[in-house]
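Take a look at the following structure, please.
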Amino acid sequence: MDVTRLLLATLLVFLCFFTAYSHPPPEEKLRDDRSLRSNSSVNLLDFPSVSIVALNKNSKQISRKEAEKKRSSKKEASMKKVARPRTPLSAPCVTTRDSCKPPAPACCDPCASCQCRFFRSACSCRVLSLNC
């Protein structure tokens with residue numbers, strides 16, 4: 001029994017040493033730029049530097065003026081595009097792409113015809129030929 005305990009103890013010590021030495025060592029902290037440049041695999045001089053530019057009052061006013069012009073032009077364009085009222089249909093008929101099941105009246109467009117699908121469950125007025 002003493003031999004098995006001795007064997008287990010040596011196995012435990014071996015596993016402790018193995019786990020301790022198998023982990024990578026902690027990296028050293030780099031305190032100055034020289035050591036960073038020498039140890040780094042990527043050269044920091046390859047990347048372009050970033051420059052910060054402060055805006056002056058004139059540039060801000062120009063951008064505001066441009067924004068106001070854009071807003072006013074959009075408002076004018078929306079005012080110009082006033083929706084024209086549609087003329088009311090004189091006869092009871094079905095407009096294009098509306099449902100035209102058999103009890104419904106005929107299609108308003110003379111070039112359109114009523115097409116049914118799925119055993120006449122979904123019917124709609126469609127224009128078949130563009131030359132009409």
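Cβ from N, Cα, C; glycine included.
Relevant sequence annotations retrieved from Swiss-Prot are reproduced here:
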SIGNAL    1-22  signal peptide
CARBOHYD  Asn39  N-linked glycosylation site
REGION    61-87  region 'Disordered'
COMPBIAS  63-79  compositional bias 'Basic and acidic residues'
DOMAIN    93-132  domain 'Agouti'
DISULFID  Cys93-Cys108  disulfide bond
DISULFID  Cys100-Cys114  disulfide bond
DISULFID  Cys107-Cys125  disulfide bond
DISULFID  Cys111-Cys132  disulfide bond
DISULFID  Cys116-Cys123  disulfide bond
If we count other C-beta atoms within 10 Å, could you say which of the disulfide-bonded residues Cys107, Cys108, Cys123, Cys132 has the fewest?
Cys132
Hey, how far is Cys114 (disulfide bond) from Cys108 (disulfide bond), Cα to Cα, in Å?
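Distance between the two Cα atoms comes out at 11 Å.
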May I ask which of the disulfide-bonded residues Cys93, Cys100, Cys123, Cys125 is closest to Cys111 (disulfide bond) if we compare their C-alpha atoms?
Cys125
Just the number: how many Å between the Cα atoms of Cys125 (disulfide bond) and Cys132 (disulfide bond)?
15
Taking just the CA atoms, what is the gap between Cys93 (disulfide bond) and Cys100 (disulfide bond) in Å?
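Roughly 9 Å, rounded to the nearest whole number.
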Can you give me the Cα-Cα distance between Cys107 (disulfide bond) and Cys116 (disulfide bond) in Å, rounded to a whole number?
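Cα of Cys107 (disulfide bond) to Cα of Cys116 (disulfide bond) measures 13 Å after rounding.
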Going by C-alpha distance, which of the disulfide-bonded residues Cys108, Cys116, Cys123, Cys132 is nearest to Cys100 (disulfide bond)?
Cys123
Using only C-alpha positions, which one of Cys108, Cys116, Cys123 is spatially nearest Cys132 (disulfide bond)? These are the disulfide-bonded residues in the record.
Cys108
Which state, by DSSP, holds Cys116 (disulfide bond): helix, strand or coil?
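In the DSSP reduction, Cys116 (disulfide bond) maps to strand.
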Fill in the CA-CA distance, Cys123 (disulfide bond) to Cys108 (disulfide bond), as an integer in Å.
15
Please compute the mean pLDDT of the model over the domain 'Agouti' (93-132).
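Mean pLDDT across the domain 'Agouti' (93-132) comes out at 81.
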Neighbour count first, Cβ atoms within 10 Å, every protein chain included; then name which of Cys93, Cys100, Cys111, Cys114 tops the list of disulfide-bonded residues.
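Most Cβ neighbours within 10 Å: Cys100.
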